[in-house]
Amino acid sequence: RSTPRGAASFDVHATPAVTVHMIHSPTTKPTTDSRWPLDPDIEVVVTIDVTSRSVDDNQVKISYYNREGNELAVAWLYLTCVDVSLDVDVSRSGRVKSKGKDKAKWTWGPDGQGAVLLVNCDRDSPGAGGTDSGQADIRTPAGRVRSRGAPGGIPHFHALRPCPLCPPDLQDMSVMLLRTQGPSAIFAEYRVVLHVPETDADKVRVFHAVRGDSHPHYKPVLGPDKLSYVLERAGHGDSTFYVEGLAFPDRGFSGLVSFSASLLEVPHKDSPGTPIFTDTVVFRVAPWIMTPNTQQPLEVFVCSIKQGSDSNEAFLEGLRALQRKAGCRLTVCSEQDTRSDRWIQDELEFGYVEAPHKTFPVVFDSPRNRGLKDFAFKKILGPDFGYVTREPPGKSVTSLDSFGNLDVSPPVTVRGKEYPLGRILIGSPLPWASGRRMSKAVRDFLFAQQVQAPLEVYSEWLSVGHVDEFLTFVPALDRKVPAPAASPGAPKIPFSSCLSSAGIWGMELLGGGPGGWSWGGRGASQRGTGLFHPPKGPGVTAGLSPAGIPAAPGQSQRLLPALQGEAAAGPRGSHAPFGPAVGGQCCLERRVRELLEPLGLSCTFIDDFFSYHVLAGDVHCGTNVRRKPFAFKWWHVVP
C-alpha cells in the first residue's frame, strides 16, 4: 500500500549496527544488483544488537525501482535500540547471567533450567515475632529495621548474589536483575514496569535496592498487595531486586511463580500504557526435604524429664554415652521448655530447603500440639533455621498426625524409576477403610513438595498407629541399606521385595498401588500393584508374617526394640530390650547384634524401660535428629 506506483523491485541498506534479514521462498532470488522483486511473500526483518547512544542513531534505507531500473522513491526507517532485560539464575549456578534463553520456562533434571526461590521462613532477628517472610521490612540481627539496607553505611549492589556484608535477611533471597539501557529521551516517553500475576502475588515479595545517601535502601515493591512497580530511573543500567518466597508448594500451588518486565508506550500521563515488549522469568519455590536415618547426624534433640517415677535421667546418661561415640551434638531440652512432653519425635520433623546460593534447615511442626506445641517456634526457629507447620481445619487431630508416623527412605531406584532423595512414608488406614488418618492439610503439603513422592503405608493395625513402630532404615558398610522391621512374629517382613539397586530391604517403595499406596494384608500380595510381599532374601529383622497382621485396626502394641541412628555408619541407639536371658545374655539383644553388627554397625543399648517403653514409646520416639542435607540437588530430580 505504501510502495510507489510502477515499482517492480527494491533494495535495502542500513547503518553498520543494523542487520537486515530477507525472508523469502527458495524460488525467489535477488537480481545481480541485489534488488528484490516486489513479492508479497518477501519479508524484511531488521535487528540491532548494540544499544543506541542517541535517538534515531540507526537508519534503514529502502529504495524502490521501476522495471527499467530507475529509482522511483526512497523510504527511511529510523531506529533507536534500547535494552530491557529481566534476568535470574536460570542455570542454577548461583550466579545471574544476562540474556539467558528460555527464561520463562522451568524444567527438571540435570539438564534442566530455571531459577530457584527460598521461602524466607527463618528468623534472622531475635526480636521479630515470627518468620522473616512475615515482615514487610528487612531486619538486621540486632532487630533494627533498615528498610533493608547494608551494614556500616557502605553501599552494596550485587549483580550476582547477596554478599556476606548484606543483612542476613537478604542472603535468604534470590537476586533478580532488570537491565534498562538506552537514550534517556526514550525513557522519558516510555515506562518500564515490573509486574507479577495476581495469582502469584501472595506467594512472593520483591525488594528493590535503591541507592541512598549513605547506604542502599531496600524498598518493598511487589508482593501480596502490590502487583506492579514503575522503575523510576530507567535507562541507567542494572537495577537489583531481591525476591523472597512466602509460601511453600502446597495444594493448589505448584511452586512456580513468574515476574515480567514490560516496556510501555505512554502517549500521555494518564494513559495506562501499551506494552511493546515484555521479558518474563520463572522461579520455582524450593521444596521442604526430609532426611533419612542414613544421612550423617548433626544434632540430637531430647527432652529432659526429672520429675516423677518415669524420670529419664538414666536414659539421658545412656544417650550421652552414645553421643560421645557418634561425635555429634546433643541438645537436651529443659522440662520447662517442653512442658514435660517427652515425645519430641512425634512433635516435629527436621528437614531443609536449598537454593544454589543457600541451604538451611527447616523444622516441620506437627499439628499434634501437646506440651511441645510451641517448642519448635520458640526455641528452634532462629537465624538460618526455618519453621513451617500445617494445621487441619477445626484443629481435629489423631495419633496419626504425630510425626512418629512420618519417615523417609534412603535413595532408591525401582523398576527403572529413580528416587534420588528417597520416598516419604506415611502411616495410614487401608485406602478403602474408614479410620484415623494423617490430616489432609499435612498430606497435601508433603505430596506437593514433589521430590520425595510420598507413599501411604498401612499402620492402623497398631494402637498408636505410627510407621516408626515397625520400620526404620540403617546403613551398612557395603552401601546397602536394610530396613529392619520389628514385630513379634516369625523372621519375615510383611512388606516388600528387595529394592536391589539401593539395597533397601523393606517396603516396596515403588509407584505403589492406587494413589501411591502399599499395604501389608492377610494372604497373597500383588506385585504389579505395588502391594506388599515377602522378601526373597533373608530379612534383617524380627518381623511379622503377612497373616499376622490383625484384621481389626488399633489392636496391636509395639513391643520389640526400636532403633535411632546416631551416625550415618557407626553407633546405633536401641531400646534396651530386657528380654529373656539365655546363657546369661538377653536373647533379643543378642539377636539384634547378630543382625546389625555384621553390617558394620555398633549397637548401644539404652535403658528406656520405665521412661519410655511402658508409656508405649522408645528411644526413637524420645529423640529427634537433625541430619546433613543430601549432596544431590533436588532440581536434578525428575518427578
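Glycine is treated like the rest: Cβ placed from N, Cα and C.
Feature annotations, courtesy of TrEMBL:
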type     : residues : note
DOMAIN   : 1-80     : domain 'Protein-arginine deiminase (PAD) N-terminal'
DOMAIN   : 82-265   : domain 'Protein-arginine deiminase (PAD) central'
REGION   : 122-147  : region 'Disordered'
DOMAIN   : 276-480  : domain 'Protein-arginine deiminase C-terminal'
ACT_SITE : Asp346   : active site
ACT_SITE : His466   : active site
ACT_SITE : Asp468   : active site
DOMAIN   : 575-636  : domain 'Protein-arginine deiminase C-terminal'
ACT_SITE : Cys621   : active site
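Here the Cα atom of Asp346 (active site) is found 7 Å from that of Cys621 (active site). Using a 10 Å radius centred on the Cβ of His466 (active site) and all shown protein chains, the other Cβ atoms total 27. Cys621 (active site) is surrounded by 27 other CB atoms, counting those within 10 A of its CB over all protein chains shown. Taking the C-alpha positions, the distance from Asp468 (active site) to Cys621 (active site) comes to 8 Å. Cys621 (active site) sits 10 Å from His466 (active site), taking the Cα positions as reference.
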